[in-house]
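So that you can see what the record holds, here are the features copied from Swiss-Prot:
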ACT_SITE  K38  active site
BINDING   13-18, D55, 116-119, 176-177, 205-207  ATP binding site
BINDING   T17, D55, E116  Mg(2+) binding site
Amino acid sequence: MIDAFFIAGTDTDVGKTVASKAILQALGAKGLNTIGYKPVAAGSDKTAEGWRNSDALHLQKAATLDIAYDDVNPYALELPTSPHIAAKHEHVEIKYEVLSEKLAHHKEQSDIVLVEGAGGWRVPVSDTDSLSTWVQQEQLPVVLVVGIKLGCLSHALLTAEIIKADGLNLVGWVANRVNPGTEHYAEIIDMLEDRLDAPKLGEIPYIPSAKRKDLGKFINVEPLLNA
């Protein structure tokens, strides 16, 4: 069984956190000790405890192990924009070694760590680096979240292609229905099943306020446990 994996999205706002929560809930139902890890988050609110990102908070709550927020999300950036822009404006340097130290600690504590990305695969974290470079360094297996909408086929196939070109293992994908009005849904799923060289872990239907719901029933985590 893998001890950590990375959640990538075909774009921003495709439901990475929804899928991450669903996977964490499904893993927890198997009796596994889990940690949700959001290394970099852009778009945070000031609280009495410090800056907090809502997606990172959902991961913190969905995991079975209770760890400090700063360990879930070491870089909570205020501005809701590309991480490299937010970091520059906030005079923050995102350091790979910090991300790696946290990940190593999480692996020691848990059975499996879910690492959620930010934006799409090549999202920059500085003027020269992307989060995907760190994922390559860590050699994390990848689960791809596909937001089912017009244009998702090209985005999904291109993202899967570059993940493999980067030398990483695509261990599964999740279909998340972000637009209930998307036509030809079944045909889109059929094409993804045919063209993506990885098992489908599940389909999450369109659900209002999905991040607040029990979603584990939509996910089959056996391919992850056998990877």
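Each Cβ is built from the backbone N, Cα and C atoms, and glycine gets one as well.
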Let me know the DSSP-derived helix, strand or coil state of D13 (ATP binding site), please.
coil
For the Mg(2+) site built from T17, D55, E116, further residues of that chain with CB within 8 A of the site's CB center:
I7, K16, S20, K21, G36, K38, A41, A56, H58, L59
Three-state secondary structure, D55 (ATP binding site) (per DSSP)
helix
Under a criterion of Cβ-Cβ distance under 8 Å and sequence separation of at least 6, what residues of the same chain contact T17 (ATP binding site)?
D55, H58, L59, E116, K211
Cβ neighbour count within 10 Å of E116 (Mg(2+) binding site)
29
